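Reading through the structure tokens given below for one structure.
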Amino acid sequence: MSEWESYYKTEGEEEEEEEESPDTGGEYKYSGRDSLIFLVDASRAMFESQGEDELTPFDMSIQCIQSVYTSKIISSDRDLLAVVFYGTEKDKNSVNFKNIYVLQDLDNPGAKRVLELDQFKGQQGKKHFRDTVGHGSDYSLSEVLWVCANLFSDVQLKMSHKRIMLFTNEDDPHGRDSAKASRARTKASDLRDTGIFLDLMHLKKPGGFDVSVFYRDIITTAEDEDLGVHFEESSKLEDLLRKVRAKETKKRVLSRLKFKLGEDVVLMVGIYNLVQKANKPFPVRLYRETNEPVKTKTRTFNVNTGSLLLPSDTKRSLTYGTRQIVLEKEETEELKRFDEPGLILMGFKPTVMLKKQHYLRPSLFVYPEESLVSGSSTLFSALLTKCVEKKVIAVCRYTPRKNVSPYFVALVPQEEELDDQNIQVTPGGFQLVFLPYADDKRKVPFTEKVTANQEQIDKMKAIVQKLRFTYRSDSFENPVLQQHFRNLEALALDMMESEQVVDLTLPKVEAIKKRLGSLADEFKELVYPPGYNPEGKVAKRKQDDEGSTSKKPKVELSEEELKAHFRKGTLGKLTVPTLKDICKAHGLKSGPKKQELLDALIRHLEKN
């Protein structure tokens, strides 16, 4: 049966794209723009390194910010970024507060902004900062946060996330000035109430950085984070980059759904996408004259009168046999509606029953939403703990949205894991694994199995043991994508040529040969015949009768049977391979299609 389609094709294609796009290949889209302000302490202590070869805390901060800028240019160029220095000699801000310097207002990342940050790196950057901005000490953190709040309020665009990242190595910025400290805490609380998150990226200082002195009451802890867990101070650029990446990564919920455990037991959960295949960004159409992005708009017209059709004027149809059935849009939507959006618990199964071959697509992640239904976190945590203890999975029916077919899914419990920096490596919650239906399973045609003898098995075991290494999925990047992004980066920053990417997916041939030694040759001697050359040309098999011409195809039908089919008009019931063999046997020329074979054969039989 054909699919429901629009009575006017163009309208249907446009709506089909809109309806189906969220569920294709696990790609998910979000509304609104992320906005992020980098707030950097510019006091003298930030420009002092702990050792001769070590970077200064200010240098680490600038390099980290620059790294985020370049990645945003490639992946999220619509997001808004800003850089603000505080503790400066000169001031530059909209409210004329002292010792606060707004280097860059909230705007899209671009090449000029990255190059401007590049001027503050290294010894030359230190001198440039001293000449253009200078160092100060008499600042108020409440005024600094006020300036950041004004930067957010000056933006007229819709923002999905507002975040401030504070880089400093001073754990008690106001010392004994309790009035300034109190005002800073009050202002931080005001920002929290307006949906602005403040994250601390604290750097190493002599004697250690104590978060509890001042910043514990200042920084924002998200609902899904533990108040008692704080990052350790960063002494290396790699540690700081990891912290920034962990905080800067978008934590956007795909949907918020009801999770029904029974008739009267319901909690609210959020569905998150943790892993998604990286693809090249879609090309953007530009207007030739101004180089501005253009938007495509589709209009539907009546083919007879040429008048513009409104959405209410169009119908959807299905051709069933020779009859065209026309339905209203609401009726087709009703046909697609199986259930209300949500998760419904069907039962529990042992974890061992979930097999690797059940994999269909990347899993999603389920986490409680306490803000919508009070008590969801407690009930969710109890369910997670019991599933881990009993080693079971929850089998559920999952309906992501209206007008979407339900899926059967398995909720696999997952415990939280932290690394040595107290950064969350694995979140605690449920992995939502999509289960296959019966028609998703296929029979794979295997080649003939050749059994190896014990000596060959032992030799291969030794080879595998020599080539073992610890696998990390993030150690292997897609070389095509990485080179594409490097080329974009070179274009954006006006570089002469892009940096060449090392393809880490290629085998390290020299290292493999060094590890294996003579094992590879010994294995070849055990498996392959003497003198075997895998790179040599395969010798053609000799014909049974060298003097004869090519063999005639084997025809299973006799002449009488063929003529009987012709008289009854049942030649069309013969398969394409059979028709090809008959045509070859009679020396008939025809195309590869069945109708062409039939036409040639019928003409031949009519003549004879």
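Cβ atoms here come from the backbone N, Cα and C positions, even for glycine.
As recorded in Swiss-Prot:
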| type | residues | note |
| --- | --- | --- |
| REGION | 1-29 | region 'Disordered' |
| COMPBIAS | 12-22 | compositional bias 'Acidic residues' |
| MOD_RES | Lys29 | N6-acetyllysine |
| REGION | 275-339 | region 'DNA-binding' |
| MOD_RES | Lys329 | N6-acetyllysine |
| MOD_RES | Lys336 | N6-acetyllysine |
| REGION | 371-480 | region 'Interaction with XRCC5' |
| MOD_RES | Lys459 | N6-acetyllysine |
| REGION | 534-557 | region 'Disordered' |
| REGION | 548-607 | region 'Interaction with DEAF1' |
| MOD_RES | Lys568 | N6,N6,N6-trimethyllysine |
| REGION | 576-581 | region 'Interaction with BAX' |
| said: Quick check for the class: what is the C-alpha distance, in angstrom and rounded, between the residue listed as 'N6,N6,N6-trimethyllysine' and Lys336 (N6-acetyllysine)? | reply: 47
| remark: Lys459 (N6-acetyllysine) sits from Lys336 (N6-acetyllysine) (Cα to Cα, rounded, in Å) at a distance of 57
| message | If you count other C-beta atoms within 10 angstroms, which of the modified residues Lys329, Lys336, Lys459, Lys568 is the most crowded? | response | Lys459
| query | Which whole-number mean pLDDT does the model give the region 'Interaction with DEAF1' (548-607)? | reply | 77
| field | Cα-to-Cα gap, Lys329 (N6-acetyllysine) vs Lys459 (N6-acetyllysine), nearest whole Å | value | 66
